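Everything on this sheet refers to the single structure shown next.
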Amino acid sequence: MSAAVSARIRVLVVEVVAVLLTAGALDPLLDGTGWAWTVALSTATAVLVAELLRRAGLPRPLVPVGTLAALLVELVVTRVHDVAPYGMVPSLPALRALGHLTSTGFSDSSAYTAPVTPTPGLMLLVAGGTGFVAVAVDTLAVTYRRPAVAGLPLLALYAVPAAIAPHGVPWYWFALGATGYLALLYTESRDRVTRWGRVLGLRGGGPRTSALGALGRRVGGTALAAAVVVPAVAPGVGDDPLHLGDATAGDGLSSGQIGSTDPLVNLSRDLGQRTPVPVLSFSVPTAGGQAAPYLRTAVFDRFNGNRWVHDTPTASTTAVGGTLTTGFPATTGEARTVTVATQDGLTTHYLPLPYGSTKVTGLKGGWSADSSSEEVFSTGKKVSGLHYSVRQADPAPVPSALLKQTTPAKLGARYLDTGGLDTSSVFLTAREQAVGEESRPYAQALLLQSWFRDRGGFAYDESAPVPVSGTRTLIDTFLTERRGFCVHYASAMVLMARSLGIPARLAIGYLPGAQQSTRDGQSRYVVTSVESHAWPELYFKDYGWLRFEPTPRSDGLTQSPAYATAGTEDQIAALTATASASASSAPSSSSSSSASASRGSRPDDTISATSGGGSGGSGGSRTPLLVLAGALAVVLLALLPALARRRLRGRRQRAAGVPALWDELSDTAADLGLPGFSRSHTPRQYAALLGRYIGMRPGTGSPLEALAAAYERSRYAPDAPASLLPGARAQLAEVRTALGEAVGRRDRWRAALLPRSTWGGLLARTARASEWRPWSGRGTGRSQRGVAAARR
């Protein structure tokens, strides 16, 4: 590999590293490390395609255009392949799906508090944004050889997370990004200085750049150190201008106001932790035989079709002297006292409370209760390090009385809003399979619960299913895939209950956790981050909000409340039989009832078939097609140099001059691994050199010797007759055939598929572009020598 090619590869590698190091500033915004692979793929795609396009001889202004088109194809393949022809063509439906995902991503970015679990929309923004930055950096630093200006898109990439992250970006990400930029400057400038050296093969062929490099490293290192240290010690800049402390997650609180994030993101982050982190502990009386309570922190009653939205709570009552009378509706169960102790690391502003809490004592700071949402919150105090007691009673409705209710309770319209999901065929088919023709509200609730837990073939999976395209909702995907975690189960049951006319809302908080000890008549439970949970609450006349449990966790921590199980087994069995019979009698689901009768079976064919466009089925069936499409894309990219070479050969054959044919001879030899024509050769010397390979010796009147003579006449005798051209074409054809026979089959295949001459042409054009003086109207001598070196 020539020194020029090695230098170019170094520039490309450093360019990729610079973008990736700068993109590391996204770390405070996104949870986990999966997003980093997305960034790496987009960056590598942009740089690789741009280099291939340059090697193919595409004009410089068209290189970024072609690269952006390739980036669009990459986004289609990785984000919305199910709606794209062959999984990769940016068709109108695919572009619409990308537009929908983009809109969702911007909506998610304004609704979530960092760090968030990447959603499909956010991942599209990350992939597209970093890919666009990579295109801009490559265009400036490599295509137009202006690496200093390439720092602007890198700065923009760093500035976005620096402005959005609640606690800013740690200083080391700034240092790493700046180091990548300085490395890009150094590598490109070294390559540029080297190109100005001696290139005709003399000893010491290039200038010594070690002194310049050492000076550049000292200047760059000093500037970088000053950029990090000076703002941190300068007066009047702020307490932490570069955010030298750790970047920790926010919780939606700003300027003393309560905010909220999507529970799907928060819960998936907690449940995704490999090591359980203690959150709180509580004690309940052992006597009485009551189950350990769920601890609720917040409720969500508004659903916009894609996401649950939390309303800002309003203070109905305020704590006085550490005691808060909540004003929440009283329940009919036996009252008890629950003692709660929270860990120091718990940063939420919502107090974990069991259902039916009427009084809280031992509070510190300003706490208020919202009687409508039944939440206790603070605008300043966090719950970390608290120790408080709660007087509460679990609801104790009579199931037989609830089953006698024939009409749903009347409550606000927001508790019946499904965000338009009640028009989805997937949603409606699943609801019919769950409840059949049952019309009694409580019976419908029991059927929904048993369908999600037992009858529907669902599996608990903490890796949340995501829509396979921008046109399907998360709930539709969950109902099709039949896997998910608590938020999916709770959300689906809430929305199905609403579509049946039953007021419902989503509650989040914690499961009881594991019992640790029993002492002095108290049972102590320890709750960790993996006990974060969501569940549905349905409203019934005379009884208020009642909790249900549709989530089938494998660890057994989720338990249906007594009023939804005890004494109702026979009724549930009868209702189940009725629902199954009515569902199987429907033409749309006659073949699917038996398929989902057992736990863990594949989702019903009806749901997959009705998900629209044939894209709702299992993604596994598309895997071979995607692999084939990806392989085809790689092959097409690899063939770009060959296609460009073929086009150049045809243009030369049609050219009205022998020099074009001589250039074709030189490139043909280079493609086959033989020496190319150099300006240090005369035409006769080069003909003699090639003749040794193909057996055409000087003085024999060979086609090669005749072609060299015709080239000399065309170069040194401008009035050379045009009659030379036909003979030169025939001579070139004979010589090309002889050259091909002189090398092996492997070299001929390589010349056809991966022509070496495209690399030399690339370097020649780069040399001319970088050394050209537009104001002088001609190239410098160094430029001419660079072209010659490149052709060698």
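From the backbone N, Cα and C atoms, a Cβ is placed for every residue, glycine too.
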**Report entry** Stated TrEMBL location of transmembrane segment, expressed as one of 2-21, 122-141
**Finding:** 122-141
**Report entry** Other parts of the chain folded back onto the transmembrane segment (148-165), taken as Cβ under 8 Å at six or more residues beyond its ends
**Finding:** 18-19, 22-23, 25-26, 28-29, 109, 114, 129-130, 133, 136-137, 140-141, 173-174, 177, 180-181, 184-185, 243, 247
Query raised in the report: According to DSSP, how is the domain 'Transglutaminase-like' (478-552) divided among helix, strand and coil residues?
Result: 21 helix, 35 strand, 19 coil
Requested in this report: Looking only at the domain 'Transglutaminase-like' (478-552), report the model's average pLDDT.
Outcome: 90
